[in-house]
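According to Swiss-Prot, the feature ATP binding site maps to 30-37, 149-152, V178, 186-189. Swiss-Prot lists H37 with the feature active site, proton donor. Annotated beta-alanine binding site per Swiss-Prot: Q61, in sequence order, evidence recorded as sequence analysis. Look at Swiss-Prot and you will find Q61, Q155 tagged as (R)-pantoate binding site, backed by sequence analysis.
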Amino acid sequence: MVIIETLPLLRQQIRRWRQDGKRIALVPTMGNLHEGHMQLIDEARARADIVVVSIFVNPMQFERPEDLASYPRTLQEDSEKLTRRGVELVFAPAPADVYPQGLEQQTYVDVPGISTMLEGASRPGHYRGVATIVSKLFNLVQPDLACFGEKDYQQLALIRKMVADMGYDINIVGVPTVRAKDGLALSSRNGYLTAEERKIAPQLSKIMNALAEQLSNGERHVDELLEQTAEHLRNAGFTPDELFIRDADSLQPLGVESQRAVVLMAAWLGKARLIDNQQVDLTL
């Protein structure tokens with residue numbers, strides 16, 4: 001495995017693989033890798049000759065400087081995990097290489113609608129930062145496919161719309177959420193949980209699944225369902241942050257023609273902001 005930190009060296013290596021007719025998969029990450037990331041890599045490996053993993057803590061998608069500063073940087077440990085997984089290349093640039101003129105002078109990629117709805121409404125600029133860095137990685141790596149986790153449902157929808165709108169010839173592969181045995185979705189943020197909070201954390205997915213079951217059984221009073229769910233979360237020890245029930249395909253409010261719903265949840269537990277989602281078939 002090779003670790004590349006500069007754009008010219010990355011382009012050089014990608015050009016060689018392209019000349020050899022290799023099929024390339026990209027797995028974009030911010031590092032601090034866990035088993036969920038490994039599942040993305042395994043999916044990429046099954047679909048391509050070459051797997052490229054990017055590790056870049058993107059300052060453009062952080063609202064608060066203290067959050068950016070405190071985000072774990074674990075390149076050595078990550079590299080060891082990726083070597084064992086058989087990854088061919090890790091792209092780990094410095095912010096100055098990605099944004100040489102600084103963030104203020106950087107050209108942005110803005111995906112209208114999705115980037116400012118739901119979670120984007122309370123995190124202005126976040127999804128613009130995501131779209132910009134992913135677009136830049138697509139241009140640099142020129143992958144045939146890219147793998148993203150379904151845990152961040154809105155992000156996956158954003159990337160798919162960007163690819164369609166911009167005409168990228170890249171297959172976007174959504175990989176199901178990886179969970180611990182007790183149901184908690186794997187996340188780098190889980191490391192912020194205390195031992196006691198970790199015992200409480202699986203209640204998030206249980207409460208979410210209960211809501212999904214009510215939808216599956218025909219309940220459609222969305223506001224009442226969300227109020228009940230918020231109360232269940234508070235009783236379990238969480239501070240609800242974002243709770244939505246939306247059409248799984250459009251992310252718009254449920255309508256009479258909606259065939260699939262998605263429950264989107266974000267809640268604070270101590271210092272950890274946990275997110276999760278569950279899709280529901282409304283046609284059964």
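Cβ from N, Cα, C; glycine included.
Feature annotations (Swiss-Prot) mapped to structure.
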{"residue": "M30", "record": "ATP binding site", "Cβ contacts under 8 Å, 6 or more apart": "I55, F56, V57, N58, Y71, S188"}
{"residue": "L33", "record": "ATP binding site", "Cβ contacts under 8 Å, 6 or more apart": "T74, E77, D78, K81, L82"}
{"residue": "G36", "record": "ATP binding site", "Cβ contacts under 8 Å, 6 or more apart": "G149, K151, T177, V178, A185, L186, S187"}
{"residue": "H37", "record": "active site, proton donor", "Cβ contacts under 8 Å, 6 or more apart": "V27, T29"}
{"residue": "Q61", "record": "beta-alanine binding site", "Cβ contacts under 8 Å, 6 or more apart": "G125, H126, Y127, R128, G129, V130, I133"}
{"residue": "E150", "record": "ATP binding site", "Cβ contacts under 8 Å, 6 or more apart": "L156, G174, V175, P176, T177, N277"}
{"residue": "Q155", "record": "(R)-pantoate binding site", "Cβ contacts under 8 Å, 6 or more apart": "Y127, V130, F148"}
